[in-house]
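J.: Annotation comment: TrEMBL describes His144 as active site, proton donor/acceptor. According to TrEMBL, the feature active site, proton donor maps to Lys148. According to TrEMBL, the NAD(+) binding site annotation covers Gly19, Ala20, Arg21, Gly22, Arg23, Met24, Asp45, Gly87, Thr88, Thr89, Ala114, Pro115, Asn116, Phe117. The (S)-2,3,4,5-tetrahydrodipicolinate binding site feature in TrEMBL is assigned to His145, Gly154, Thr155. Residues or ranges marked as domain 'Dihydrodipicolinate reductase N-terminal' in TrEMBL: 13-117. What TrEMBL records for 120-255 is domain 'Dihydrodipicolinate reductase C-terminal'.
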Amino acid sequence: MTDEQEKGAAEQIRVGVLGARGRMGVEVCKAVDAATDMELVAMVDQGDWLFNASDAGAEVMVDFTTPDVVMDNLHWCIDQGISAVVGTTGFTEQRLERVRGWLDRKPGVGVVIAPNFGIGAVLMMQFAARAARHFESVEIIEQHHPRKLDAPSGTAAHTARLIAAARAEAGLGPAPDATKDEVAGARGADIDGVRVHAVRATGLVAHQEVLFGTTGETLTIRHDSYDRVSFMPGVLLAVRAVRNRPGLTLGLDALLD
Ligand SMILES: NC(=O)C1=CN([C@@H]2O[C@H](COP(=O)(O)OP(=O)(O)OC[C@H]3O[C@@H](n4cnc5c(N)ncnc54)[C@H](OP(=O)(O)O)[C@@H]3O)[C@@H](O)[C@H]2O)C=CC1
Ligand SMILES: O=C(O)C1=N[C@H](C(=O)O)C[C@H](O)C1
């Protein structure tokens, strides 16, 4: 059976992509197109008519756009009864609350929002959360390509919050630090008490190190995405799962268990 015949034989998920001409969007379109259980029915980018996607019968929309536009896109998808898989960054607790409110009015719709769809990155975050209670010091260093619009990365912010929660649960106080901040920013951003440093350089894709320290030892947990194909297995996993998970699913963790 050819790929095309195989695609026709099985029931396919009708998928639309928002941000289809972007770095991630292009990869997602290729991955969906190559998946035998999916049909790419809409490619929407800046300036395109969103209703192209509903007219085309999209059942799941994948969003890799920008933090400025993702909320409007997501609101539209939920209103239309279309489930969504979202990789775009910028999701604060307030934003998540708004999404939950929209979903309450559309009980059948599912939304998966994940700061990172790389399986290795998800494991890196889980390992970091597990290690957090055993070390008095921790710093996060994220490294990305220079065309990235936001800093720190969504992954770094999420990791910092996981670590902060684990430290609080273990009763750990602030990490020791006698530095006087003589140059603003030299010690990075403070996210819930965890220092986060953002590096931008040509040649990088998406990388993160979590550095833990305690008396006489350090532990470094590092993940590298060298190519955006690394995110695709996670994106496809979420596309397959989202319609069976009404409401909001945060992170890929729940889908990997
Ligand atoms: N969760 C994860 O695993 C990952 C998340 N990301 C995140 O995904 C997002 C996109 O990253 P990346 O692909 O590198 O960024 P790009 O800038 O390459 O792509 C974004 C695309 O969205 C388009 N766009 C802008 N506004 C709209 C709109 N209203 N409707 C539809 N499309 C629109 C942009 O068009 P134009 O350029 O004309 O403005 C652009 O083509 C970022 O937030 C990034 O951090 C990235 C990698 C992995
Ligand atoms: O913009 C990117 O490239 C990436 N964005 C996500 C983030 O901000 O965490 C995920 C990954 O780091 C790549």
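Using the three backbone atoms N, Cα and C, a Cβ is placed for every residue, glycine included.
Annotations in TrEMBL come from automatic prediction, not curation.
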J.: Could you please provide the mean pLDDT value for the domain 'Dihydrodipicolinate reductase C-terminal' (120-255)?
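T.: Per the prediction, mean pLDDT sits at 97 for the domain 'Dihydrodipicolinate reductase C-terminal' (120-255).
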J.: DSSP-wise, what's the residue breakdown of the domain 'Dihydrodipicolinate reductase C-terminal' (120-255) into helix, strand and coil?
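T.: Counting residues per DSSP class in the domain 'Dihydrodipicolinate reductase C-terminal' (120-255), I get 49 helix, 40 strand, 47 coil.
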J.: Of the recorded positions listed here (His144, His145, Lys148, Thr155), which is spatially closest to Arg21 (NAD(+) binding site) when Cα positions are compared?
T.: Lys148
J.: So which of Arg21, Ala114, Lys148, Gly154, listed as recorded positions, have a Cβ under 6 Å from an atom of ligand 2?
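T.: Once distances to ligand 2 are taken from each Cβ, Lys148, Gly154 fall under 6 Å.
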J.: Please go through the recorded positions Arg21, His144, His145, Thr155 one by one and keep those whose C-beta falls under 6 A from any atom of ligand 1; give the result in sequence order.
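T.: Only Arg21 qualify.
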J.: Take the C-alpha atoms of Gly19 (NAD(+) binding site) and Thr155 ((S)-2,3,4,5-tetrahydrodipicolinate binding site) and report the distance between them in angstrom, rounded.
T.: 20
J.: When you look at Gly19, Ala20, Arg21, Gly22, Arg23, Met24, Asp45, Gly87, Thr88, Thr89, Ala114, Pro115, Asn116, Phe117, which the record names as binding NAD(+), what is the longest CA to CA distance in angstrom?
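T.: Largest Cα to Cα distance for the NAD(+)-binding set is 21 Å.
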J.: Between the residue listed as 'active site, proton donor/acceptor' and Asp45 (NAD(+) binding site), find the distance joining the two CA atoms and give it rounded to the nearest Å.
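T.: Between the alpha carbons of the residue listed as 'active site, proton donor/acceptor' and Asp45 (NAD(+) binding site) there are 23 Å.
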J.: Looking only at Cβ atoms, how many others are within 10 Å of the one on the residue listed as 'active site, proton donor'?
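T.: Within a 10 Å radius of the Cβ of the residue listed as 'active site, proton donor' lie 16 other Cβ atoms.
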J.: Could you check which of the recorded positions (His145, Lys148, Gly154, Thr155) sits closest to Thr88 (NAD(+) binding site), going Cα to Cα?
T.: Gly154
J.: Report, as a single number, how many Cβ atoms besides its own are within 10 Å of the Cβ of Thr155 ((S)-2,3,4,5-tetrahydrodipicolinate binding site).
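T.: Excluding its own Cβ, Thr155 ((S)-2,3,4,5-tetrahydrodipicolinate binding site) sees 25 Cβ atoms within 10 Å.
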J.: Cβ-Cβ under 8 Å from Arg23 (NAD(+) binding site), same chain, 6 or more residues apart: which ones?
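T.: Listed in sequence order, they are Arg147, Arg228.
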J.: Can you give me the Cα-Cα distance between Ala114 (NAD(+) binding site) and the residue listed as 'active site, proton donor' in Å, rounded to a whole number?
T.: 17
